[in-house]
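Have a look at the structure below, then the notes.
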């Protein structure tokens, strides 16, 4: 199977086609969004994906301070997949749980704050790594926050993404029950 490979800021990208090998034999598109109120930052990535990544479909991480890191994954039979845009941010009620919250770009060490979990968010997730870019160089990232479920994150050596990402840490723990302040 041949799939389009590209990465860009915004909602779409144009790239080149390449043959994909098993197990990454499905074409896919990932939209990522960082939404610290009141602005949002979006990137799009088209690549060869495995069926396990395709099954993830979406993830939402509550970073605290009204900020979210969200992803939408769509796989298809065509070379160039399309994905629906993001729905509005989930503004559900606080649920009494909390996690360390941080969005560190360009640094794997970032100062934490408390992220107050909402709705069904009862897990804490932590993702630390580097994204290798030609310009301006490697980009470190450190993401922590509340989430509803913990995806299995692995990068296969067979994909282009394994050559562009270095996952240092992926951890998922139960969120802490917060005590109401007097």
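Placement of Cβ uses the backbone N, Cα and C atoms for every residue, glycine included.
Listed features, source Swiss-Prot:
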- 3-27: disulfide bond (DISULFID)
- 6-13: disulfide bond (DISULFID)
- 20-48: disulfide bond (DISULFID)
- 54-75: disulfide bond (DISULFID)
- 76-81: disulfide bond (DISULFID)
- 99-124: disulfide bond (DISULFID)
- 117-146: disulfide bond (DISULFID)
- 150-172: disulfide bond (DISULFID)
- 157: N-linked glycosylation site (CARBOHYD)
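Taking the features listed in Swiss-Prot, we show where each one sits on the structure.
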residue : record         : DSSP (3 states)
3       : disulfide bond : strand
13      : disulfide bond : coil
48      : disulfide bond : strand
54      : disulfide bond : helix
75      : disulfide bond : strand
117     : disulfide bond : strand
124     : disulfide bond : strand
150     : disulfide bond : coil
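Residue 20 (disulfide bond) has its Cα within 10 Å of the Cα of none of the disulfide-bonded residues 13, 81, 146.
Between the disulfide-bonded residues 13, 27, the minimum number of other C-beta atoms within 10 Å of a residue's C-beta occurs at 13. For residue 76 (disulfide bond), the count of additional Cβ atoms within 10 Å of its Cβ stands at 15 [all protein chains shown]. Each residue contributes its Cα atom, and for residue 75 (disulfide bond) and residue 150 (disulfide bond) these two points are 20 Å apart. Rounded to a whole number, the C-alpha distance linking residue 172 (disulfide bond) with residue 13 (disulfide bond) is 32 angstrom. Around the Cβ of residue 54 (disulfide bond), a 10 Å sphere holds 16 further Cβ atoms from the protein chains shown. Note: the Cα of residue 150 (disulfide bond) and the Cα of residue 27 (disulfide bond) are spaced 23 Å from each other.
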